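Report on the following structure.
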Amino acid sequence: MAIVLQRKRKLRPSNDLNDDECKFAKRELKWVKYSAENLSVDFCVFYDKSKADYIYAKLEEECDWNTGKAAQVMIFGRWHNIPRKQVHVYKDGEDYIGEHKDDEKDLVKTSPIASLSLGQTRDFVLKHADSRGKYAKRKMEKIKIELTHGSLLMMNYPTNIYWYHSIPIRKKATGIRINLTFRDFVTK
């Protein structure tokens, strides 16, 4: 199933879906809204367990990994350039990504960032820029969301401008997690 990230937070199926996939894509998703000052995150279980298991198994079976500037990923027999779709593989709870904002120069700042999680459940932690570090300007609670197998997280504008996000180490997480990130970049 191909997912096309549209501006204005809409996910729509691409034209190459079969009837079953179209019915699935059109069904009502149960979204949970997380909000705070300059934070707007939507979260849902996008795939049921059986569909997520199938995609996860196919990714493990069919992904070829390259390195360097020419890094591409092959999914379901098609090559995809990474700049618009990134694939992150966390082999276990020791793999993590520290607090950061997606700040690539060509990233469309007002576009949402979609993150599809498959495999091991991991925490997604959001921390406001003003509440970070020893000399934080103010105290704001961090927000923790469990990214479950088959879930979709939409980080909406202006979240990425004011909030840092991370996937912290979780020693008890023993399984593999695959994350597919969809972002919109300025085309030149």
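Cβ coordinates are placed from backbone N, Cα and C, and glycine is handled just like the others.
Under the heading 2-oxoglutarate binding site, TrEMBL lists Tyr90, His100, His165, Arg177, Thr181, Arg183. Annotation for His100 (2-oxoglutarate binding site): same-chain Cβ neighbours under 8 Å, separated by at least 6 residues, are Tyr164, His165, Ser166.
For Asp103 (substrate binding site), no same-chain residue lying six or more positions away in sequence has a CB closer than 8 A to its CB. Here TrEMBL flags Asp103 as substrate binding site.
The feature domain 'Fe2OG dioxygenase' is assigned by TrEMBL to 81-186.
There are 19 other Cβ atoms within 10 Å of the Cβ belonging to Thr181 (2-oxoglutarate binding site). Around Tyr90 (2-oxoglutarate binding site), the same-chain residues at least 6 positions away in sequence with a Cβ under 8 Å from its Cβ are Tyr96, Gln120, Arg122, Ile167, Ile176, Arg177, Ile178, Asn179. Taking DSSP states H, G and I as helix and E and B as strand, the domain 'Fe2OG dioxygenase' (81-186) has 7 helix, 48 strand, 51 coil.
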